[in-house]
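Asks: A single structure is presented below for examination.
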Protein chains: 2
Amino acid sequence: MTERIRDFLRRRREDGPCLVVDLEVVRDNYFKFARALPDTRVFYAVKANPEPQLLKLLADLGSSFDTASVVEIELALDAGATSDRISFGNTIKKERDVARALELGVRLFAVDCEDEVEKIARAKAATGAEDVQVFCRILCDGAGAEWPLSRKFGCEPELAIEVLEHAHRVGLEAYGVSFHVGSQQGNTEAWDQALGSAAMIFHTLAEKGIHLSMVNLGGGFPTRYLKDIPAVEAYGQSIFEALSRHFGNRIPATIIEPGRGMVGNAGVIEAEVVLVSKKSRAEDEIRWVYLDIGKFGGLAETMDESIRYPIRTDRDADATTPCVLAGPTCDSADVLYEKAPYPLPVSLSIGDKVLIEGTGAYTTTYSAVAFNGFPPLKSYVI
Amino acid sequence: MTERIRDFLRRRREDGPCLVVDLEVVRDNYFKFARALPDTRVFYAVKANPEPQLLKLLADLGSSFDTASVVEIELALDAGATSDRISFGNTIKKERDVARALELGVRLFAVDCEDEVEKIARAKAATGAEDVQVFCRILCDGAGAEWPLSRKFGCEPELAIEVLEHAHRVGLEAYGVSFHVGSQQGNTEAWDQALGSAAMIFHTLAEKGIHLSMVNLGGGFPTRYLKDIPAVEAYGQSIFEALSRHFGNRIPATIIEPGRGMVGNAGVIEAEVVLVSKKSRAEDEIRWVYLDIGKFGGLAETMDESIRYPIRTDRDADATTPCVLAGPTCDSADVLYEKAPYPLPVSLSIGDKVLIEGTGAYTTTYSAVAFNGFPPLKSYVI
């Protein structure tokens, strides 16, 4: 929470929940990444928050952009990024979207299997594009991350060697390796194992005359929710040490893709208490607190209670009691915290405002178009 | 899947997934409910699918509407429903939304605690509305339902007595009791226990001179996914028997709120295979199939793999193999079926179309505004 956000909310008069993002915090975050990893290019993960003003700020600061779709590529271009500062980082792309990206000037693509390489090769031929680079994503176990990882993206390192060889064979530049250590990664050492795999891939391919030159370190940099997190400097130091350990004095070019770490702590959602109730008169009956925002209004990352946001009220000096926290829709799955109830002031009342901090990333775009007739989350960038 | 939907899709040329809803199926479903429960008023749950043409059809057929918000009330009115055919069925309402509903002529409100009664009483006084009816929702264990139920809505029956007494005391009509047996309820007997509780509440309040007159039987009527479901007639029969058992020859007025049961089987989503891949060369490595629709593009009910949709392809005569099925976004949580892999044709290939059946309910409005830059699910009503 910043003074600027507080001022903005004090003057706000409309009904309904809203997110306010303070660009000064984003600017600070950008410089922290740039300083902590001075030899690494920053590709902001647009999906975390694609607000045009935010993208423009980052483009002006010199950031590059990791995009998931043609729409996100267009947003990055509109914000002033040149196409050489854009990566099409989604491993799941329609061939016509690859062609469109090539037409827009993008030359850097993620893959994790030979069929995806084939699409890019065909689209390259169809569009006449040159110097197209691909990096292959490898699986990473994600231990230490708070947002569920799956095996959805990437392949085993052994297969990545074949995929990159294939890319080389069909006339693409086998550019490097990427991985993702898992979102909201609290362990600064989490990059080490995957960097070991990356070095093995570099080495094996070099013996075949294919020289990779880039490691994409992905995202995973956390934002502060309830628990303290390591400073960005600690991540930078640990990553640099792991790079040195595995690559010796031939450290490759590196890029990072912070999303949450770049904008998470820059945003605050203001919401309203719609109802406080109990289900029976029993002494030990838990209190239910219902807000005007829930899982389908922007707080999708409370799924499985993965992300636990800090919640502030004007009554935080009062005694608290554990509450089930739920959203306003007629959907029984629209409950934010129940397995681990959330301590909230006993005095919290209908009509009170609550501030949900650390919500600058992965909120607005997750919100449903009109579930139960509720409009998507409003967003202000200041 | 109907011939009309097949024809529509054959002529379709745009890119991207879409839902097509056949109004003739909705019309059939409406008449099935009306015939199976002839003395019961049908309140279509607008949240299941609020497409204007669909609401208009149902309004023309004589349906009433269960709404979750002022926006849904306005949709029902726009579709031609008079305000006496609208219930504000959300137990979590802002007082200003209650007032707005009263101004729009709505007189029927759900509550599950005294504070919600207070809001309605105050809004009634503020707007000068008369004859305002409330029904109190009671908890129901939801055994037999496929979509997770929680204790989010409703209160214990003992507390419902106090809530309705309070409503009576503050000048509202204590009109009845509601409950919900859980979505996609496969057990036709599931209404029995809650009807027993409802009868107890009727009886207890009658002794205090408060005469309830309505039981809202809620929704929960299933649509056919992969497993067969009982016919609507079986539900009607079982509910009628339970009503007779608990209320004798003084059966109250009843209403039902079908949503999924009304539109689920009327809709089919057409999607496209974006990628088929494996994570390693291991013999037993599972195949991953990625579609251009996922959890954030309308298939939110695959959360925890709750709802398992029938998926048809043009290759269904070929041998199948278990696949992990995932969506197109750069989000590791965007996986539809993984714990229980989905059998799909071995020959299924990139670019193939797939048809996801039973998707007329709870798809379009769940879809995210722009997650990863992907547009919300398109919808056509034919």
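Cβ atoms are placed via backbone N, Cα and C, with glycine included.
Dumping what TrEMBL says about this protein:
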DOMAIN    B:26-263  domain 'Orn/DAP/Arg decarboxylase 2 N-terminal'
MOD_RES   B:Lys47  N6-(pyridoxal phosphate)lysine
ACT_SITE  B:Cys330  active site, proton donor
Asks: Just the number: how many Å between the Cα atoms of B:Cys330 (active site, proton donor) and the residue listed as 'N6-(pyridoxal phosphate)lysine'?
Replies: 28
Asks: Neighbour count, 10 Å Cβ-Cβ cut-off, for B:Lys47 (N6-(pyridoxal phosphate)lysine): what number do you get?
Replies: 28
Asks: Which whole number is the mean pLDDT over the domain 'Orn/DAP/Arg decarboxylase 2 N-terminal' (B:26-263)?
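Replies: Mean per-residue confidence for the domain 'Orn/DAP/Arg decarboxylase 2 N-terminal' (B:26-263): 95 out of 100.
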Asks: Can you see whether DSSP assigns the residue listed as 'N6-(pyridoxal phosphate)lysine' to helix, strand or coil?
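Replies: Assignment for the residue listed as 'N6-(pyridoxal phosphate)lysine' reads helix.
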